[in-house]
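What TrEMBL annotates here:
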SIGNAL    1-18  signal peptide
DOMAIN    37-91  domain 'MIR'
DOMAIN    99-154  domain 'MIR'
DOMAIN    157-211  domain 'MIR'
């Protein structure tokens with residue numbers, strides 16, 4: 001596991017964050033965080049775990065057979081899958097830098113590490129429950145407000161930390177990132193549907209789990 005995290009950390013610095021300012025004094029930490037408080041910062045690579053069902057937010061190069069036809073997003077039951085890694089990025093036109101902490105109420109984007117597309121939503125119906133479809137869309141030079149998600153921390157925390165309960169609300173549609181025990185049989189057999197719902201429910205709570213977390217940038 002440590003070797004896998006180190007490899008991911010190396011890949012991160014070589015290729016992931018070309019659009020965020022790089023600090024030559026920074027280091028990368030692979031976090032298992034037992035007993036250690038880990039802050040989430042821009043540029044970090046992580047897996048989001050669904051609090052209710054424990055699946056990881058996941059995507060792969062398989063399009064939806066209905067709705068938008070864009071790249072599908074699912075809940076993946078296994079921890080060990082590289083298609084469940086996401087890079088935390090600031091909203092468009094933001095002055096935020098790599099290593100900045102992220103406060104509750106901030107707008108963020110999540111970029112799928114493998115395919116470079118953005119976590120996205122719109123008014124198309126999701127395939128199983130007919131809620132709001134959640135997809136991956138765009139790329140390095142293609143992003144819009146449909147990729148913006150408002151981070152809200154559950155409880156008293158002010159900045160995002162690993163293993164802290166959060167909600168992600170899609171800015172354009174108002175839908176919360178949501179999953180449930182309804183599973184696909186065709187496009188991603190055995191994987192759970194991920195969708196958006198406009199009501200706060202227990203099923204739209206997530207936590208930052210496994211990942212490579214960049215250290216906080218020290219103010220000068």
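Backbone N, Cα and C define each Cβ position, glycine as well.
For the domain 'MIR' (37-91), the predicted model reports an average pLDDT of 96.
Each residue of the domain 'MIR' (37-91) gets a DSSP state, and the totals for helix, strand and coil are 3 helix, 27 strand, 25 coil. Here the domain 'MIR' (157-211) has, by DSSP, the following mix of helix, strand and coil residues: 3 helix, 27 strand, 25 coil.
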